[in-house]
Amino acid sequence: MSALLELVDVQRSYTIGESEVAALRGVSLTIERGEFVAIMGASGSGKSSLLHILGLLDTPDKGSYRIAGSDVATLSDDARASLRNHVAGFVFQQFHLLRRMSIEDNVRLPMLYSGVERSSNLQAEAIRRLEMVGLAHRLHHTPSQLSGGEQQRVAIARALIRQPAIIFADEPTGNLDTRNSLEIMKILQGLHEEGKTIVMVTHEPDIAAYADRIITMRDGVIISDERKATATVLPSSDSPFVLPTTAIAAWWHYKRLSGFVAQAMQAILANKMRSLLSMLGILVGVASVIAMMALGEGARVAMQEELKAMGSNMLSVRGGSAKIRGTSQGAGAVTRFTVKDVEAIAALRPLVRNASGVVNGSARVVYGNRNWSSSLLGAGYDYGTMRAALPTVGRWFTAEELQRRDKVAIIGVTVARELFGESNPLGKTIKINRINFTVIGLAPAKGFVGPQDEDDIVMIPLSTAMYRVLGRDYLSGIFVEVAEAHRVDEARQRIAAFIRQRHRLPVDDDSFYIRDMTEIQKMLSSTTRTMSLLLGAIAAISLVVGGIGIMNIMLVSVTERTREIGLRKALGARNSDIMLQFLVESAGMTLLGGVLGLLVGIGVALGLTLVAGWAVKISLFSVLLATLFSAVTGLFFGLWPAQKAAALKPVEALRYE
């Protein structure tokens, strides 16, 4: 029968600065099943290095190491991690209990990496192990609430949870007083009597005396190997020791993944303020994405509704801009439309139902001691019907008022609010660019289209605007209502030909253009889509900055938790387990930040509606996009810290100061 542990000519050296220090110099050793071995030696003798190799926390530079006849050198990292979990139990001088976890969770920690599905019996098993060391009543305490001796007993309970064949104890009484040291050694002695193989490192002869075999080391070599004449009689076992081959569940298995999620949440909540500050960048980024995209989408929908109200059979005729020697002459500099053009186009019946000219300008509106700067629109008689602008209160001006150039006005709700507050504006006299006008109507509320307030407007008769207020003899444009929607293209071609003929323009002249509402809708939709993408891109920069902040915090976390990583690997965590844990933590922080940012973004969007009156629309797409992007950001920026954590060697991580 092969030995349980067998070393042949093992050598191990470490590089310290520019010097190479030999820790083990050709050590050969055999340990049988059921032995209690104490390895003694002064500091620097190589005893801890030997224990680390025996416990699979380190690998030799030269020589061979076999466990139950299997060469460790042929095993993969995952296979060695599995052996640490199933075969070995570790008791450390520094206890290595995770301070943010309860005693019960510390004891159950090896089960996370065991490949065994979590069950209701797991808690009972943890309680049973704590009862063995006399700490069942401390189940929900944290390590900081225990004495040193109690913490070491918890470490022993943790080492036993997987029922290992071998207990590796590294100076188990080094940090304890005499009474606690005796209690720990009684527990180890009892485990040996139950058949456990125990390999213990100590520098105290009275502690080594508990063992049946004492190996003494000096300068990396074994100088003595003594066995007691009266060794403890162990229960006989005829069955050979076989290395376990338990399959590890895939990382996406929900029960295994839930363990990593629980661990990640504990890590996040353990440093609440730091986690919150780390999430802040993601929170701002997601809130910006939601608010900006809601604003852009709201503007697009508002414009679509307004264009829809205008009708799909509407044409807009505008004078184009000509260039002389490369210099633009401005809109309508060549082709200028007059009221006569409007009358001529309106006469194209039955193709055309109505036509109305418009002029645009700015107005300084004054009432009493209040004044307001607004947009001025001079419109024809049919404009109110054609553009859904008929007053909700009061009336539209008459054809006679238009002909007489009467000074009457329809004002938007914004102008009414600024000048009159809550009082009725009808019949009141206001000054528009220092000219007295009588308010005869209140225009229907249309709200905002993006940042543009459609209710900040004053409408007056076209003739009044041209000849009394603005002093113009040409129009800004003409709106044409086609009799039937399916004849819009025909009407556009007919009107274009008519204008060229009337103004004696060549066929290829581009000094005017005609657009229907569909074209305008496409143009505005394209513009708002571009603006939404631009705003979203700007907001996404915040997410990237937040992701960099997450990466920075995770790198700091890896450094702070180096010993914890070493402990987890000693308990059987694979490289992929460590990587997954840190990725879940990173993604968890960004997702939490994303959810908070989502709520803040929705609040900001609703606030813009309530306070500024802007049209906003929160789409499911923007919510899903922001949430997905925050998760991807966490995974992407958490990858490097996770890889760095996974690459740490167990023994180096445990030694980290």
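Any Cβ shown, glycine's included, is placed from N, Cα and C.
Here's what Swiss-Prot has on this protein:
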type	residues	note
DOMAIN	5-244	domain 'ABC transporter'
BINDING	GLY41, ALA42, SER43, GLY44, SER45, GLY46, LYS47, SER48	ATP binding site
TRANSMEM	276-296	transmembrane segment
TRANSMEM	533-553	transmembrane segment
TRANSMEM	591-611	transmembrane segment
TRANSMEM	620-640	transmembrane segment
Fewest neighbouring Cβ atoms within 10 Å among the binding-site residues GLY41, GLY44, GLY46 goes to GLY44
Other than GLY41, ALA42, SER43, GLY44, SER45, GLY46, LYS47, SER48, which residues of the same chain sit close to ATP? List them in sequence order, counting a residue when its Cβ is within 8 Å of the Cβ centroid of the site. HIS203, MET217, ARG218
Averaged over the domain 'ABC transporter' (5-244), what pLDDT does the prediction give? 86
ALA42 (ATP binding site) CB neighbourhood, other CB atoms within 10 A: 11
Do any residues, 6 or more residues outside the transmembrane segment (276-296), come within under 8 Å Cβ-to-Cβ of it, and if so which ones? 450, 528-529, 531-532, 535-536, 538-550, 553, 589-590, 592-594, 596-598, 600-602, 604-605, 608, 614, 616-619, 622-623, 625-627, 629-630, 633-634
Here are some binding-site residues: SER43, SER45, LYS47, SER48. Which one has the most Cβ atoms within 10 Å of its Cβ? LYS47
DSSP-derived class (H/G/I helix, E/B strand, else coil) of SER45 (ATP binding site): coil
